[in-house]
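Enquirer: The structure's right below; bear with me while I get my questions together.
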Amino acid sequence: MNVLKRPAACAAAVLSAAIAPVGACTNQNTAQPNTSPLTAPPPGTERMTTQLKSADGTLVANATFDFANGFATLTLETVPNPILTPGFHGLHIHSVGKCEANSVAPTGGASGDFNSAGGHYQAPGHTGYPASGDLTSLEVRSDGAAKLVTTSNSFTAADLRNSSGTALIIHQDPDNFGNIPPARYTQKNGTPGPDEETLATGDSGKRVACGVIAPATSSSTASSSTTVEPPPSTSTSSVTVTTTTVVQTPSTSTSTVTVTGVPTVTSTPSSTVTTPSLPPNG
């Protein structure tokens, strides 16, 4: 009888051993760290976040900039949206912290979605190409999802928080990064290599999603001027006090005391006349 029970016990052991890896895999999947941009940053890291939306307000992606050890790490992850098509899309930091639909660029010109964000960001002292704000392109999968993690030491958190602010923009087309060899390509006028527009934009097309990294603070001068107005309003209250106090003092000093004092003085000499007629001899 014991001999028959042993194979059953072995089978149970084999079955439990086969089930255990399945449970272990399940726990491993659920225990995987959340890699979304909203996870807490490591200690000592400065973080800036933004949400990129289309011109009609549709959420397209979440992005974080983590600054530590002298460089920035950008993590961008899309959400289900009808805006981005499969393929590469240019991704850049722009020089003004505004994301306005159908707006005009700070330098003027035709209106377009997110033109208010200005051109590609250049850090102080940098003028060449690629620009300081040129980032690795975003590749969207065939299912419309995308995630990008890239690093850069071309700017700091303080740089992005300048008075003009900064914005992060996804473009409609790929960015060629000005990769137009002069030996193979020429401009329409015959000049070899990329033109200024290609160098500045990478020919990445329309701006399809925008998120403010740091808002423009130039409007703060207008708010500070409004705080100057309250002091003149307080000076009007001091004017109303002056005339009332001056008028009251002469009315209270009516000298009625001098009028009542005169009759009492005349009654005292009439009583002193009767005293000299009293002296008797004995």
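Backbone N, Cα and C atoms are what each Cβ position is placed from, and that goes for glycine too.
Curation does not apply to TrEMBL; its annotations are automatic.
TrEMBL feature annotations, pasted as is:
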type: SIGNAL; residues: 1-24; note: signal peptide
type: COMPBIAS; residues: 26-38; note: compositional bias 'Polar residues'
type: REGION; residues: 26-46; note: region 'Disordered'
type: DOMAIN; residues: 84-213; note: domain 'Superoxide dismutase copper/zinc binding'
type: REGION; residues: 115-134; note: region 'Disordered'
type: REGION; residues: 174-202; note: region 'Disordered'
type: COMPBIAS; residues: 217-276; note: compositional bias 'Low complexity'
type: REGION; residues: 217-282; note: region 'Disordered'
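Could you tell me the structural context for the features on the list?
Expert: Helix, strand and coil counts from DSSP across the domain 'Superoxide dismutase copper/zinc binding' (84-213) read 13 helix, 37 strand, 80 coil.
The list of residues near the region 'Disordered' (115-134) in space but at least 6 beyond its ends in sequence, with Cβ under 8 angstroms from a Cβ of it, reads 92-100, 103-107, 109, 154-156, 159-160, 164, 166-167, 169, 175, 177-178, 199-202, 207, 210.
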